[in-house]
Amino acid sequence: MSSLTLSQRTVDNIQLFLKVTILITIAGAAISSRLFSVIRFESIIHEFDPWFNFRATKYLVSHSFYDFLNWFDDRTWYPLGRVTGGTLYPGLMVTSGAIWHALRKIGLPVDIRNICVMLAPAFSGVTAYFTYLFTSEIKDSSAGLLAGAFMGIAPGYISRSVAGSYDNEAIAITLLMASFYFWIKASKEGSVFYASWAALFYFYMVSAWGGYVFITNLVPLHVFVLILMGRYSNRLYAAYSTWYAIGTVASMQIPFVGFLPIRSNDHMAALGVFGLIQIVAFGDYIRSKVPSKKFKSVLIVAIFLIIAVGILGLFGLTYAGLIAPWTGRFYSLWDTSYAKIHIPIIASVSEHQPTAWPAFFFDTQFLIWLFPAGVYLLFQDLSNEGVFVIVYSVLCSYFAGVMVRLMLTLTPIICVAAAIAVSKLFDVYMDFSELLQSKVEVEGIKESTGAKAKKTKVTGLSIVAKLTVIVSFAFYLFLFVYHCTWVTSNAYSSPSVVLASRNPDGSQNLIDDYREAYYWLRMNTAEDAKVMAWWDYGYQIGGMADRTTLVDNNTWNNTHIATVGKAMASSEEVSYEILKEHDVDYILVIFGGLLGFSGDDLNKFLWMIRIAEGIWPDEVKERDFFTSDGQYRVDDLATDTMKNSLLYKMSFHRFTELFGHRNAVDRVRNQRITQEPDLNIVEEVYTSENWLVRIYKVKDLDNAGRDLLSASKFEKETKAGIKKRIQKRPDLDLRE
Amino acid sequence: MAVETCSTERSKGPNVLRVHSFKRSQGSGFSNQSINTTTMQLSTLFCLFLVSIASALPSPFPTDTALIYDSKITNLESYTSLLNYLREELRVPLQVLEFNSPELEIFKNGQRNFDNLIIFPTKARSIGSESNIHGLDLLNFFNDGGNVFTITSPTGVSETVRNYLNQIGIYPSPRNHELVDYFVGSNETSFKSIKLTAENVKLESNIISSVPEITYSGSAALLTNNNLLFPILQSPSTSFTKNSQESDEANNWTVGTQGYLAVGHQGLNNARGAWIGDASLLDDSQFSTFDKELLQWTFQMKNILRVTEVKHNHINGDTYAERPYKVKDELEYQITLQEFNGEQWSPVSFSDLQFEIKLISPYHRLNLSELSQDENSTTYGVTFKVPDRHGVYTLQTIYQRPGWSFVEEKEVLSIRHLANDEYPRSWDIPNSWVYITSSVVVFAAWIVFLIVFIYIKDGKIVDSKKQK
């Protein structure tokens, strides 16, 4: 047996080569598994928010950056308009705009839509790389590679980064991992250089996603915990002070953030820790000068004083109005029913609902049970970096349980912790060096003791044990990859603009009603037509139909949304006034009753009512929409308020006609509709193939000065041939 | 096109149409240099011909008119003054049709067949060759821009006309109901012919200009509170409408001034209509200026308002296209109006013209003042400051007065916020000098401290301590 002797350099080179190969493969896997949506459907922007980002990006590439920054968007929130440039996180658009310009510079003019569609998968590769670097800092590069691989394909992250999911999160998770990596690096080495990089990525993150507050709080918390543990060091001081100073000043350059870092409660922790670390540094300096016994008492008093002053100051300033009070979103993080009672508009968003437990397994599969194991292992040696991961996992586990969308920020740390656990396991069980060594020893060293002989004996059994563990974990890993691929292709690759269903014979049937209707709007209505729809569809109407909307997914004005809710929930006379006041030309409603699509407007109706009730408690009452025994009904037993509401009428207009005036069944709510609602103030202009989208045109004021109800009544009576032969003296008010 | 013509060439002549025809003939003359004198003369003749037509036509609109009547109750021979007036003076192409004539089609192939209808009382229940014209058809005719002049009488109230009028808000008294006034005359016939006085005439409707001499005998109508109705004649306070066949005093149709005898109405599309309850007002015995003015008004030959130009810009003259408006900008708004008075477009003076800038509800509602006037139009204007709130505003002038055609000019504009570099810089604000100074002092102190810290050795200090 020829023994292989390799120089350290060769080993390093081979390792480097392997690492690079593995990382490239991971990136490849990450990107390709995100392309299901493009292959299954087409290269299209998904869902709701991405449509706005896409529209904003188009604006950016067709105008200058200055125009983009000061963009006043007069095609949304009619007639208020939206100062879009000052109320968005520009990071995403600027990134794709920069890529678009760069590609043009090198002679590759790529359509901006394709850049937007492919941005998320491309960045997922980078995320995997930064996760690798991050984990390498915490444990070693083998754990890093595992973490990178997990991160690349974990469904929890894929759910927000498939091709076409052009949302802030697409690049924000990359930036999150990058900031954390540089922070760990900086705090470990006390390097101003890395701290500056951390601040730079923090700035990029601030420009890209509102979730930057997570970093703003996690890093100070890490520092705070370390200080409490008595692990203060000058390295920590250098890293944190640099990061905070540069990061805060930089983050204030984003118009949407502005003075929040010094005014909002969300940012006070970072400021407080910044102050604290100065005091601690000072205390540290004093400690080096005075005897330690005296110092201890000074320290204890000082700490209590500081905490008391800090908390009192926070309350005082908040009370005085100098610091913005906690936002509703913040309260809803602690009390899951807070939003439901106080801010229905937050509760109405499905991704703000508490997470269902199966979702954790669905999104991370076997990583979820390795996650505590990884955290436990980190507890064992409790390094400074380990503390960061522990703090991160504890905080995020809670938040992910409260809000579905925060699952996204939990996924990276699950991947990291699980990778640490698996790699630790592999470190132990894949270590066959003992076996090789002992063989050499048996051959070479004759003066082996009895103990040594015993050890060689055990080897046989331990090999079996090791193999069992390795094989079973390999199987788990295989299962994980299989699960991830399955989840990605089945659950997360639907653009939700196009719905997929199965025909009875199993073939796929695409329901493309949304685009059909939006295209109709685009081609058949005046360019400045105002379209009223529930806010969910605002971005899509703006993006696909290019028409002015009243409200959209940027829910910045609750009153305006409530106005739309009131128009939908009120009777025709009341609604008509609202519609005319806001110059509404068309109303778009989503009706799933024919198709059995449960996310339609009638199912969202209660939210419209609740939001409207929040502003007009006397005019819109949720109770009136429920039957006396508290049921939400749309059939004959529905309440009069329900039957008279504009949305109800628009949903079921001509619905019975489709079933030959007999027993029309609403397939979502499984109720029979027998009556044709009487619709006067609007007229149907378009209904999509599966009746999913219905568009109504608001009628003009009656030319002869009648109200529209009596006008259409006269028309219907005449057409039905009803003649009034007997003349009665009309009962009229006195003429003024 | 007409709008532009008027605003740019208003100085060329008193009559827009004349100006237009001159322009055309001159243009053809100058464009070709090789035209010989004969063609020149011909073109001049042609031009003169055009001018004569133009000046003879009182209305800028084509006015195909149908007169619908029922020969059983209306003898057209007693309406020669009316017919002559329509044919000779108003020069409208007139078709006189029996109510059930097969030629009576108010819509043909979905297009309006006439511009004006005059409907005399009919005994029959409905009009049309097969009773096929319903109230809805008349209403559609009106909504499509046609003018309808209806006359009912105690002997003839057709269902068609009644349905139509009821929708507008006019409830004429049914068959056999007559307006009577026991305070005039002494016998049954004189009770029914009521001399109207000045207090029965509503001149504020702006439809007739003077109190006419009228002896009224016919039906009266109840009116709703519809704002688009402009009463012209009101029944005297001592009169009431009663059923001549059966006396049922509880069911008098109108009592006192509740009844109206002549009413004009105008749709939001500026189509006009008029109703009178007595056909004899139009016959040769009573045909007067009152009828002429009412006909002219109904056929849109007078009291027509037209906006020829709407202009708004920065106070220094920059337009929206050159420099989009932002909050707190000073703007000026101008609107040019003209009136068609039956002969030509002419300037018109209003003191109550208002301009609004609104975002859901108006921020400003300002009186427009007269700026200038020329032969055929008046320009009104106002300067104002844009509210300190960005948004999509509507600049509008809405002028709706009885008897005048409605003016509704709207323009939707977005008014942007201040851009990031349009705020004053920090050093322009005196208050900031404190902070700027303090930060500069801190910078300087820091640099001084650094120099001191680096270059002054602390050995000396230790020495001095030791020495002590």
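Keep in mind that glycine also has a Cβ here, set from the backbone N, Cα and C atoms.
Automatic prediction, not curation, is the source of TrEMBL annotations.
Per TrEMBL, these features apply:
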DOMAIN    A:17-417  domain 'Oligosaccharyl transferase STT3 N-terminal'
DOMAIN    A:530-579  domain 'STT3/PglB/AglB core'
TRANSMEM  A:16-36  transmembrane segment
TRANSMEM  A:87-103  transmembrane segment
TRANSMEM  A:115-135  transmembrane segment
TRANSMEM  A:141-158  transmembrane segment
TRANSMEM  A:170-186  transmembrane segment
TRANSMEM  A:206-229  transmembrane segment
TRANSMEM  A:241-262  transmembrane segment
TRANSMEM  A:268-286  transmembrane segment
TRANSMEM  A:298-324  transmembrane segment
TRANSMEM  A:359-379  transmembrane segment
TRANSMEM  A:386-404  transmembrane segment
TRANSMEM  A:463-482  transmembrane segment
Contact set, same chain, for the transmembrane segment (A:141-158): CB under 8 Å, 6 or more residues outside the stretch: 19, 22-23, 26-27, 29-30, 33-34, 124-125, 127-129, 131-135, 173, 177, 362-365, 367, 407-408, 410-412, 414-416, 418-420, 422-424, 426-427, 480-481, 483-485, 487-488, 491-492
Interface present between the transmembrane segment (A:170-186) and the transmembrane segment (A:87-103) (three or more C-beta pairs under 8 A): yes
Interface check, the transmembrane segment (A:463-482) with the transmembrane segment (A:241-262), three or more C-beta pairs under 8 A: no
Sequence-remote partners of the transmembrane segment (A:386-404) [C-beta within less than 8 Å, at least six residues beyond its ends]: 138, 180, 183-184, 187, 218, 221-222, 225-226, 229, 231, 332-334, 336, 350-355, 359-360, 371, 374-375, 378-379, 410, 413-414, 416-417, 420
Summary of DSSP states over the domain 'STT3/PglB/AglB core' (A:530-579), given as helix, strand and coil counts: 31 helix, 5 strand, 14 coil
